[in-house]
Amino acid sequence: MSPPCRASAVLAVFVALTVGVGAEEIKERSCDVIGNESSESQMERDLLRKLEPLSQMRFNVTVGKGKAENYVYQFRVCREVNSTLHDFGGLVQTDRQSGRTTVIGRINETQVFNGSDWIMLIYKGGDSYGRHCSGEKRRAVIMISCKRGVTASSFSIITEEREKEQECFYLFEMDSSVACPAEDSHLSVGSILLITFVSLIAVYIIGGFLYQRLVVGAKGMEQFPHFAFWQDLGNLVADGCDFVCRSKPRNAPAAYRGVGDDQLGEESEERDDHLLPM
């Protein structure tokens, strides 16, 4: 192989290796539920997928208790806070005075479960306590509560329980719509009938209008379908009410007769003759 060809081949291999390493670095680690993959429940997998929209977000909260304790907590959902360290740290505490960083919980030791309107995310395997909690490893508990219309907000620390001998933890909370139950979108029978009725009316009016205008060639108000019928609708309704609501036949004779000149007539003069004085 000639020197130029050999140089080109080496350059191509180098570029391929560089791209491969870069792609591997870009791909971030995600949550790994405690236990073997075969022991993971479908519920846990579904909850992790439900939390995936929050994975690209970062959350910070600062806690100050005088000069003794002044910390910044950094949190990511199923991602490492600092992926360059490869320490699996999903929730990290930084001392603002000394700059010391402590991993509270790691994403490769994750537990997740939920209720009707909340999701509990737990990171275990954090850095060990010193004098507290028998030197066990730290763990972070994040309560994600339902709040519709909000992707994520109000990340805060509630408490740090470190006065026990075992099972100490840091408790955080935040609001997110991913913890909300799916809204029931089923329509009632009445809603379906109403939508169908309105749709039929719209089709009738639009279709009739187009037919009257384009086919019949009607103008003005006559473009409205069955315009003469709707124009006489009031009379038709009145006739219907008259027919249904009257309690006796329409042609029945009246119970009384009016008094008129034609009924009085002219009385004969002979009828009053016997009343004249003799």
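Backbone N, Cα and C define each Cβ position, glycine as well.
Owing to the predicted nature of the structure, the values given are computational and were not obtained by experimental measurement.
According to TrEMBL, the feature domain 'MRH' maps to 36-182.
Sequence annotations record features per position, and here TrEMBL assigns region 'Disordered' to 256-278.
Residues or ranges marked as signal peptide in TrEMBL: 1-23.
Marked as transmembrane segment by TrEMBL: 187-211. Same-chain neighbours of the transmembrane segment (187-211): 223-226, counting only residues six or more beyond its ends whose CB sits under 8 Å from a CB of the stretch.
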What mean pLDDT does the predicted model reach across the domain 'MRH' (36-182)? 91
How does the domain 'MRH' (36-182) divide up by DSSP, counting helix, then strand, then coil residues? 22 helix, 71 strand, 54 coil
